[in-house]
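> Structure below; questions to follow.
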Amino acid sequence: MKSVDHPVDVLPAEHSAETPGDARASESSLLISETFVSRQGEGELTGTESVFIRTSGCNLRCWFCDTPYASWKPEGTRQTIEDLLQLVAKSGVKHVVLTGGEPLIAKGIVSLIDQLRSAGNHVTIETAGTVDPGARCDLLSLSPKLRASTPDAKDHPRLAKMHAERRLPINTMKQLIQSAEATQVKFVVDSADELPEIDEVVRQLEIAADAVYLMPQGISVEQLDAARPWLEPMAISRGYQYCDRMQIRWFGNRRGT
């Protein structure tokens, strides 16, 4: 897989739970953790060659986050919108995935999305759906965070409180769904006990069952294989879809994939 390497700028810890704090920040540049070309490994576009642009910084703190370098300890470099547009154009790939961290908290993200789409690219936004900056995309890949995603309150009291307060703004999510050309809703599932909560979120979002994907929490093939026997039939029983994490099967759990 092709990747773009840049010097790393680690954010101060006091900024790590918010929109990245940087005196140089402007709407013409974004803090980018990494960019790479790979195959989409999750959801309805699985197997599609895509340019991935991972923004750094997140307003949530899922305990199982598989990209802590973009959330718990965000790092990256400032890149201009023009730099990112040129990177996509040079790749020759027409599907772009904006991911994170949480891409929708990044200053300049709406302008980047608009310009990518104006250039003829298909844009997927991978988001937890906690904020709505007014972006329009081709595919909204919405990942609502369930109660079990909250970090341990004993170890991280401030972050646990922040996460719990922010993780599930249903009205904001519905606005994002209304603005997108298409939507898939992906739940990271750690236990069968979470099914009633998933059902309730789906009901509140008023989303079709076949647009809902249940994906195992795990960063190894062994974890994925252990979850599938109970998670796949659970998804089917509700008319949902089972979602594997093919990037882990193809490449392992590593950056740039």
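Placed from the backbone N, Cα and C atoms, the Cβ positions cover glycine too.
It should be emphasised that the depicted structure is a prediction, and the values quoted were computed from it without experimental measurement.
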> To which of the residue ranges 1-25, 126-150, 151-175 does Swiss-Prot assign the term region 'Disordered'?
1-25
> Can you match one of T80, T99 to the substrate site that Swiss-Prot gives for R39, Q40, G41, R54?
T99
> Give me the count of other Cβ atoms within 10 A of the Cβ belonging to C62 ([4Fe-4S] cluster binding site).
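A count of 23.
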> Cα-Cα separation of Q40 (substrate binding site) and S143 (S-adenosyl-L-methionine binding site), in Å?
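Between the Cα atoms of Q40 (substrate binding site) and S143 (S-adenosyl-L-methionine binding site), the distance comes to 16 Å.
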> Using DSSP and collapsing to three states, where does R39 (substrate binding site) fall: helix, strand or coil?
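It is in a strand.
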> In angstrom units, rounded to an integer, how far apart are the Cα atoms of T99 (substrate binding site) and T67 (Mg(2+) binding site)?
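Between the Cα atoms of T99 (substrate binding site) and T67 (Mg(2+) binding site), the distance comes to 10 Å.
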> Taking only the residues the record lists as binding S-adenosyl-L-methionine, namely G101, S143, P144, K145, what is the largest Cα to Cα distance between any two of them, in Å to the nearest whole number?
14
